Structure formats: structure tokens, C-alpha cells
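Feature annotations, reproduced from Swiss-Prot:
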SIGNAL    1-29  signal peptide
DOMAIN    41-97  domain '4Fe-4S Mo/W bis-MGD-type'
BINDING   48, 51, 55, 83  [4Fe-4S] cluster binding site
BINDING   85, 152, 177, 181, 214-221, 245-249, 264-266, 374, 378, 484, 510-511, 533, 560, 718-727, 802, 819  Mo-bis(molybdopterin guanine dinucleotide) binding site
BINDING   794  substrate binding site
């Protein structure tokens, strides 16, 4: 069939428009590039490898290689659209420096901490790993080993790693990089609702009358979801978009109301809104009386710093998460000081603007969707901020109904599905269970066929504490998978790098590319990427999606799952468990950790015949390992409000939102008629709490740990840009994305640049007491900070901006604040 260029362009345009509208076009109008008859390309589905939106893409493979990707028109999340990163997914696996063999630091043919990297076999790599792990276990016990994982792990990878650490090695020292992005959201959910993850869903975008972005730049960080907000705003004139941030960015271009606030002052703004609702008789008393309780948080709780830090020592209630029941009148009194005058004074936002924002929440006829990500979570009072937003929605009853939604977005493809739901945090188990609860440990031990007392009750080292323990020589064997924490984490010079290079420690990094973290390691293991393996992710709206392996991996790279399971074969149970445990389970004597964890009659119950022919992990182990792990994991949540569908179902659909009960997904949790766990006649049932009520939690404004001073006179905020994802490990290896934004810059207000006698494009030194970086100045463009604040993205490995970030955390969630620290900028002559 011949087609003119004009007809070709029209057909493509029609197909794109139809996909957005959810329309199926006749075959004659489809995109010819996607026609397998013409190109012999094989197409299959997979969730996108990047952010937590959970877009589905169609992956085109040819001759054993990914050659094209496109938005999946059948996907309810993205409806055929992709963002700029998604359109270049086909290139992320083919960087010229892709790692294909294990690399070990060696000198004179033997391992040496100060040696150079040399290729070795997998057997040699695991031999040295096992030697180091066994020596550490014998000398110091299970608290001397640790693992740092990822919200990019597949569900099965995270589950296998957590099981290996907590059941096999009996160490809770496993944490994901989601500690740096979603931990405050988790604790906020648990404190208010007794159960994690959003009650709303993406359908709220088509139902809300007002959108409020609390410190989120969705236009660049969640661009596909931003198109849904844009469509709603432009097609419904009554809809309002509100954007709150410490600097101007692309999301302001759509905003009806923009608010530039002083760092940390979002606490005061949220408390003012609650006060406004009360003072203007906008409380939904029927909802509040039936469905909420009022509580007061302990205050002056410190900043998650080392115990000997003066700021930590000065705190009256360091790290206290205590909640005290109070009356509504006491709650009213607690927010009364936050008048519009006081909120304006603290935040720097005009009084009229604050009142306009409060009115939208207070109007009973306006359905409001609040949205946030890192701006709120990466905050030394991030848990409080999460709860202050819930307070506003609970006071007005604007929750868990279409368009009324406090919605915590996620930044990684499975921060929800793996880090949170699987429980790869140092204190968690699957399905919101925790290691400190003996009943929860008993459930896990029963499912995993462990003797009582196997799982340690004390939470392990969280991400920031892992760095400190490596630095101090307490944590000695450390395995990093699927993240680049040497570039992404805080306070690199003071804590992390010295810990990695501590002669007492042995650091292993699994990665497809030679990242900053890999280059600081002792052993680097090459990993399979994305569709080089089978897996599942869980996105921000509780949607679990699965995909099949579609191409072979490159060289000798292996999946993170393969690495964990193979490593487990290196240990006999006598080498990892004490005699008293073995006496309770003598059947495990002489068996390997692999036998105990994975050849347990559950994980290995599904025969290889059920797997696809292309499934390297399944064929290596001799059974359908992904299905076995998923089904064992799903046992934790079924019947407990975290129900997942059978594994095979996920390969036939574009994901399902849990809880999935009787084959039906759940759109709005806690709402009778939508959530199968909400009791009949309840209206709303916050069943995560024993009394079925949500907590409204009073918490004040408290200042950040550091503020600008005479020497360090500017605020520094770090973050991302549209074209790159996190540390740029994948996106900077895509030529088109690299060319679009090759280098990080420091975005400055022109007046601040003028004061320092620097011009756009000139190189400056950004410094504070923790380090310094050289970077070029940008005074125009997409990001426009106010005077007194600068913004630098962290994707550029040549500009390790996070060296400057203090490792202060929210004391409750242990999540780092990457959004505010003082710096100075000087011109480089």
C-alpha cells in the first residue's frame, strides 16, 4: 500500500488524537510504523521504567533488541501518551558503557580494597562476597551486614531480597531508596488512617474542581498526569489550578493562582487553611463527628541528626511520634494562632492569595484534589505536612469520593508496589506489617515456614543510618541494588563516601552502568534491565502491572532476582542461624538458604511449563519463579485490605488497583460502595484504625535545622528536570535526552547574580561547610527562583550537588530534606 507524506502525517495525527480520547481507529488509519506486517516488529506491553505514574507502553522488538516504544492506547493511565522520557525507552539499555561482566577491585591477581577493577566470573564474584559475608556474620553477627534497595526493584526482586535479609540472614538492615522519597508519605498515611497508600485514584483528575499542588512540579515530574489536569482545566472553565512552591517552574504556566512561599513555611499555610475552615463555619460536622478523632503530635522532635549533634541534643522530644487525644476545642485552639496575617508573615505569600486558596477548600461545592511529591516529603517535618493536608480534607469531608482526594504521588515505578507494599524498609514486612509487632512477625514466620523467633523484632538501620554505620565501621558488608545513592543521597563527603571506602567494609553494587556508586564499590555486578527480565511494578494509584521478558540481556548481566537467589545458595543454614533456631527446625540442617527460602514448596510450586519460553530466571531455576514469589507474597495481603489478583491475570490487563476482591478492583478506598472492606451503612470506614475513624493530627510550624546566614546567604533546593530521571543513569545515555539538557545549571534570580557580579553562562562555585561544586549560571528559562534561593537539579554526575545537602531527616519517617540548606555562591575568576 502506498501513502503520500501528507496522508501519512494525517494518519499519525489521527491515531494520536484518538488515543488521547480513548477511540479505536480502523486499521487503515493506524500508525504504519507500528504495523508488524510492514516492519516485522513484535509488540508487547510493559509499564514504563521511569516514574511512579505507571504509564503502559508498547515495546517493539526486532532481532533480539528493543527498536521502538510507543504509548499504549489501551492503558487507562496514559491513554496512548508518553512523556519525552517514555518515548526514548527503547534506548535506555544500549549505552556504550553498559556493564556486561562482574568487576572486582584487584591487585596482583587478588582482591584489594585499593586495587583497580578487573573482570571476573560470577563464581569468583560470589566467592568473595560469601567469604566477606560469612566472616562478618561470624565476627559481629547479622547487624553487621546490610542491603540498600530500590523503588525500581520489581515486586519479586524486592520480596526475594527482603526475605533473604529478614528470614535468611536474620538482619533487618535492608532499606530502599524510597526512604529518600516516600517514607514521610507512608508514616503520614499510617498515623492518620492506620494503612498505607492513597485512598483516591487517577479518575479523580476528571472529577475535581480545584487542584492544589503542594511543592510539586507535575508539569515536568509527572507530565502525563499533568496532561489530564490540563485537559480538565481547559475543557471546564470553572476549574482552578493552584501551585505552591519555593520557586517558579513550568507548572505555574497553567496555574490560576501561584504561590511562592518561604522554605518550610508550608506548615504555617496548611494550619491557616484549617483555621480558616473552622472560623468560617465550613467544617463538615456530620463527617467529622462520625469519622474522625482529634490528636496532638509531640513537638520539638529534633531533626534526625546524629545523637551528639547540638540541634538533636537540644530537642525536648527527640524522634517522638507520640499522639495524644484531644477535643475539637483543643484542636481549634492549636490552629487559632495561624491567622492569615501570621501565615503571610511566615510564608511571604500575600494575604489575599492565602484567603483565595483557603476558600477553595472551604467551599462545600468545590471538589478538591491535593497533590504532592518530594516538595512535601523531603522535609524535616514531612510527616506533619502530610497530616496537615489530610486534616484539611477530613475537616471538610472532601476525601475518598470522586474528585475529592489528598493524593501523594510517587517518583519511582514501584516505590508503592515494591518498597511500600512488599515492605523492603528496615522496619516493615509485607502488607503494612512491621517487625516490631509480634503478631506480624508470627504471620510472616508462618507464611515463610520459619521457626518462632527467626525475624528480629528490632528495626534495622534506615538509609541515612546505614551511611553513618558504614562510616563508623558498624556495618561492614553492604549490597546496593538498583539505585545510585552516591549521587542521589545527602551529605556524600561527610558520611557516605568515607563509609564506602572504609577499609573494614566490603561494598557490592549491582547496576547496569558504571555509576558514581559503582565506582566507589569493591565489587560491581552487571544487572539485567527492564524487559530483559519478567516482573511487576505497582504505581501511585495502587495499580499493579506485570510484564514478560521480551529480549535477552546483554553479556553476562543477570537480574537482581537471579543475583539474590544465587547468592543464597552460598550459605548453609548452620552458617546463618544460631543453634537454638536450628533445634526448632531440624529439617533445615544441611540445607542452603536458597533451599529454605525458595525451594520451600511455595515459591517453586509452579512448573516451568507455565512460564514463557523467554524467561531466563525461570529456566535457570527450573520453575516459574516470578509467579511463585508473587503468589507467596500475595498471601500476606489477601483478606487484609491489600488483596491482589492471581498473578496470571496481570498479564492479561493493563493493571488492577488493589484491593482486588472477587475479580474487581477498587477505585476509592474507605468509601462504602466502592471499597469492599468498608462496612455496610458506614458511609466511610477508615478500617486501618480499630475504631474505623481517621485521625486529625495537630502539629505546628517549626523552623528548619539550618537557615541562611551572613556567610551562607542563599537557600539551595535540589530536584529534577523533565528530560532526565533521578541521577541520569539511563536518560543521560539517550543521545536525544542528553543533547536536550546536557548539563546541570544553577538557576538564580538575576538580582542575586548581579550582586555577585556573575552573568548567565558563567561558572560559579556553590559551597557550604559540607562541600562545593562548580556549575554554570542560568538566570532565564523554565525555573525562576525568587531572590535568596537557587535551584540545581541532581541528574548530572559531574556536578554532585547533593554533597552540600545536610543529612537531616524527618525524625519520624527518617526521610532526608533535600529542599533547603544554606549555601554561598562566588564567581570563578
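Cβ from N, Cα, C; glycine included.
Checked against residue 721 (Mo-bis(molybdopterin guanine dinucleotide) binding site) by C-alpha proximity, the binding-site residues 48, 51, 55, 83, 794 yield 794 as the nearest. For residue 215 (Mo-bis(molybdopterin guanine dinucleotide) binding site), the same-chain residues lying six or more positions away in sequence with a CB closer than 8 A to its CB are 244, 245, 246, 266, 372, 373, 374, 375, 376, 819.
Summed and averaged per residue, pLDDT over the domain '4Fe-4S Mo/W bis-MGD-type' (41-97) gives 97. A helical conformation is recorded for residue 374 (Mo-bis(molybdopterin guanine dinucleotide) binding site) in the three-state DSSP classification.
Listed binding-site residues: 51, 721; maximum Cβ neighbour count within 10 Å falls on 51. The binding-site residues close to residue 220 (Mo-bis(molybdopterin guanine dinucleotide) binding site), defined as a CA atom within 10 A of its CA, are 83 out of 55, 83, 794.
Its Cβ taken as reference, residue 85 (Mo-bis(molybdopterin guanine dinucleotide) binding site) is surrounded by 22 other Cβ atoms within 10 Å in the chains shown. Ranking the binding-site residues 48, 83, 794 by Cα distance from residue 533 (Mo-bis(molybdopterin guanine dinucleotide) binding site) puts 48 first. Each residue in 50, 53, 54, 78, 82, 85, 86, 223, 224 lies on the same chain as 48, 51, 55, 83 and has a C-beta within 8 Å of the C-beta centroid of that [4Fe-4S] cluster site, without being one of the site residues. In this structure, the CA atom of residue 55 ([4Fe-4S] cluster binding site) is 27 Å away from the CA atom of residue 248 (Mo-bis(molybdopterin guanine dinucleotide) binding site). In this structure the C-alpha atoms belonging to residue 51 ([4Fe-4S] cluster binding site) and residue 726 (Mo-bis(molybdopterin guanine dinucleotide) binding site) are separated by 9 Å. Long-range C-beta contacts of residue 83 ([4Fe-4S] cluster binding site), restricted to its own chain and to partners at least six residues apart, with a cutoff below 8 Å, comprise 50, 55, 223, 224, 722.
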